[in-house]
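Asker: Found this in TrEMBL, in case it helps:
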- 9-29: transmembrane segment (TRANSMEM)
- 41-64: transmembrane segment (TRANSMEM)
- 76-95: transmembrane segment (TRANSMEM)
- 167-186: transmembrane segment (TRANSMEM)
- 207-227: transmembrane segment (TRANSMEM)
- 233-250: transmembrane segment (TRANSMEM)
- 262-279: transmembrane segment (TRANSMEM)
- 291-309: transmembrane segment (TRANSMEM)
- 321-341: transmembrane segment (TRANSMEM)
Amino acid sequence: MMKFTKQNFIFLVGGIIIYVVDIGVDFWVAGKYFCQGQYSWSILILCFRGLSSLITQIFSYEWFKNDWEGTNTRKLKWIFLVHLFQCGIFIRYWFALKYGCQAAFKPNSSGEASETDPPNFIQKQAVDVVTDINMLRVFKTFLETTPQLFVQIYIVMEHGKDSICQYAAIIMSFCAISISTVDYQISLRKSLPDKDEFPVLPKLVYLFYKLLTITSWILSISLITLLSVRSSVILLIFLWTCGFTWALKQHTTFCKSKKMEYLYRTVVGIILIFTFFNIKGRRTKVCISIYYATHTVVTLGILFVYMFWKPSVIKDIHFTIVSILTIVSLVLGIIFLVVYYRHFHPTAYCRPQVYSDEVDGEAGQKERVEIGRFQNFIMQ
């Protein structure tokens, strides 16, 4: 049975702290840019914050509505108001702290206890509510944190000026990506049947694989933007189109309504700009190889373009440092990727998606609840 441990509770508290601090840093950095007269940067950062908040609130409320369908009508009205004011995530954190504290610090019950027994029920509730938070955090990471990291790095590279607020924003972005990726993988392990806890070493390998590949790609996009803003915008739109099209062809069934499913696929397309995710829980050795091979070719292509198009830039110390960081992080990231998939990736994949748009009625709803939302989520 899935267990919610004291270590999980500590990660939960750390995630809450980073989430709150991240909000403060965003407004601090935006305010700094506004006071300096750099209104475009300030507005861009706030737009990333607003977009990610809006989308995560929509998904959060939709999940509450699905879970409480037919009951708790009065509570749903209050839940809607809280989400309307962009504070729905704090309700989820409150439930997570409530169930997580009980599950982590309550004495263990007998291993023979059934899932309907109170201790085991609390364990499942804690795991489920934290899993929902981790899914929302993945959305936030790639809708807000990663684009903001790209913007901050671009500003430093473009203007050659740095400040404490910029470094704080970059550090917070890296911390948020780290917590999000690790917590996501922990939830994935807990969602798979007959799997042990995610050990420390695999966590670190997975963390470095994600951080290094994402860092290399963000630096590459920053270099394109320095060369031509239009070219970087065209590239990002093209990559999103490819990701969205792939999600359509996978026929995902994450949401109950078609509108929400298209929103989900739109978000998946954005996520796929920055990192690879397997949205159907299938073996994707070929897909992931093509994905990172393409990133490698594009990254090397960008550096060669600089060498032949703007050879004078090569003498700049900033370009040399960024180029070295880009190559080193890409190589190390792929090494960690290979190590993770060779030695630490779960060999048992999630069960096939039983729930679909054709399944309705009480039987279908029960099956969906038993399988859990994560089984229809993006699987690694």
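Each position is counted from 1, following the chain as shown.
Cβ atoms here come from the backbone N, Cα and C positions, even for glycine.
Model, not experiment: these values are computed from the prediction.
Locate each feature and note its surroundings.
Answerer: When Cβ-Cβ distances below 8 Å are used as the criterion, the transmembrane segment (41-64) is approached by residues 23, 26, 29-31, 33-34, 76, 79-80, 83-84, 86, 88-89, 92, 132, 135-136, 139-140, 143-145, 147-148, 151, 155, 255, 257, 260, 263-264, 267, 373 of the same chain, each at least six residues removed from its ends.
Sequence-distant contacts of the transmembrane segment (76-95) (same chain, six or more residues past either end, CB-CB distance under 8 Å): 16, 19, 53-54, 56-58, 60-61, 64-65, 68, 129, 132-133, 136.
Within the chain, the transmembrane segment (167-186) has long-range Cβ neighbours (under 8 A, six or more residues past its boundaries) at 8, 11, 14-15, 18-19, 21-22, 25-26, 28-29, 130, 134-135, 137-138, 140-141, 145-146, 148-149, 152-153, 198, 203, 206-207, 210-211, 214, 380.
Within the chain carrying the transmembrane segment (207-227), a Cβ under 8 angstroms from the stretch's Cβ atoms is held by residues 146, 149-150, 153-154, 157-158, 174, 177-178, 181-182, 235-236, 274-275, 292, 295, 298-299, 302-303, 305-306, 309-310, 322, 325-327, 329-330, 332-334, 336-337, 339-340, all 6 or more beyond its ends.
Listed by sequence, the residues of this chain that lie at least six past the ends of the transmembrane segment (262-279) yet keep a Cβ under 8 A from its Cβ atoms are 55, 58-59, 138-139, 142-143, 146, 210, 213-214, 217-218, 236, 239-248, 250, 252, 254-255, 287-288, 291-292, 378-380.
Using a Cβ-Cβ cut-off under 8 Å and counting only residues 6 or more beyond its ends in the same chain, the transmembrane segment (321-341) has close neighbours at 157, 202, 205-206, 208-216, 219-220, 222-223, 288, 292, 295-296, 299, 303, 306.
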Asker: For the transmembrane segment (9-29), give me same-chain residues lying six or more residues beyond its boundaries with a C-beta closer than 8 angstroms to one of its C-beta atoms, as numbers and ranges.
Answerer: 45-46, 49, 89, 93, 96-97, 100-101, 103-105, 130, 133, 137, 145, 148, 152, 165-166, 168-169, 172, 175-176, 179, 182-183, 186
